[in-house]
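Straight from TrEMBL, the features:
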TRANSMEM  12-41  transmembrane segment
TRANSMEM  53-73  transmembrane segment
TRANSMEM  93-114  transmembrane segment
TRANSMEM  135-157  transmembrane segment
TRANSMEM  187-211  transmembrane segment
TRANSMEM  240-262  transmembrane segment
TRANSMEM  268-290  transmembrane segment
Amino acid sequence: SPQQYNVTSLNATAVAIISLEAFAGMWINAFIVCVLCIGWVKKKTLNSNEKILLLLGCSRFWYLCFSWIYVFISKIYPYCLLVYPILQLLQGAYSFFTCSNFWVSACLCGFYCIKIANFRNRFFIYLKVKIDRMVPWLLLGSVIFSLIIGILVYNTIDRAVCTNLNFTCQGRLWKATIGIEEHFYPIYFLTGFLHTTSFMAVIFSAVFLLFSLWRHKRKMQTNSMNSFSLHIHSRAMKSVLSFVIMYSINFMFLILSLIYSTKYQNHMIFLVYLIQHASPGVHSLILIFSNPKLEKTLLRILSCAKCKVCMR
């Protein structure tokens with residue numbers, strides 16, 4: 001029928017666009033991971049910033065991978081999601097890497113703030129001294145929290161399926177027409193709370209860093225002198241502001257995905273898909289050009305590729 005043809009065309013278009021975004025983002029994050037791992041092998045060590053970027057790149061790579069698999073199956077072969085336990089595993093893994101992406105991003109913003117901002121508060125000075133030792137524990141805590149969320153999502157979906165709900169797999173995340181409040185709203189609330197907490201950490205980091213930059217700039221103008229730390233402040237501020245912008249967009253559409261996951265509004269869900277698959281790649285590209293080592297490596301690879309094309 002014409003209606004069935006239109007639905008099929010929309011699904012094919014959605015899969016094609018999302019595939020381009022997902023594979024581009026996976027390539028960008030795989031580049032970050034490979035460069036950092038090669039440097040790790042050569043130097044036998046990683047600094048705190050590189051540790052956070054490495055885990056962030058891994059989280060975003062696998063987030064895009066599992067998210068693309070879920071979109072592809074749900075749009076092209078939806079009945080495969082009825083095979084136990086494909087849906088549970090996909091959504092559990094998706095939730096794990098989504099939370100990991102948010103929390104590790106918040107850790108990177110907090111690291112920039114503590115490492116670069118200048119405050120004479122005792123507690124802040126203590127954090128500045130101990131931050132390098134705290135980073136591995138913060139990353140471990142982020143992974144553990146994300147793993148808990150992934151397990152809860154897996155168990156919730158498994159329980160919903162096993163209790164013979166009128167379950168359908170055509171929508172975003174989880175969708176049940178009977179008993180949705182009892183089974184899924186607690187997970188929605190917990191997921192929203194954790195993402196809101198990490199989002200507030202990013203906002204506070206940006207505010208503190210901006211205030212420190214303003215104080216430092218005013219001090220330099222008063223003393224009629226320039227400072228190298230002013231350049232460091234400005235560069236870190238640009239990185240954190242990019243975090244805030246991308247985090248805000250991604251956070252808003254994550255909330256929309258939680259809202260519209262129980263509704264049959266395909267156009268809104270399609271828009272959510274587009275933004276959520278574009279954000280990790282775009283922001284990782286910003287991080288590459290904010291890091292001299294990653295930027296230099298990328299430009300060298302691109303220049304070599306350009307030379308080979310010209311020689312052909």
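In case you wondered, yes, glycine gets a Cβ from its N, Cα and C as well.
Unlike curated entries, TrEMBL annotations are predicted automatically.
Remember, predicted model here, so these are calculated numbers, not experimental data.
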The transmembrane segment (187-211) versus listed stretches 12-41, 53-73, 93-114, 135-157, 268-290: most Cβ pairs under 8 Å: 93-114
Stretch of maximal Cβ-Cβ contact with the transmembrane segment (268-290) [cut-off: under 8 Å; candidates 12-41, 53-73, 93-114]: 12-41
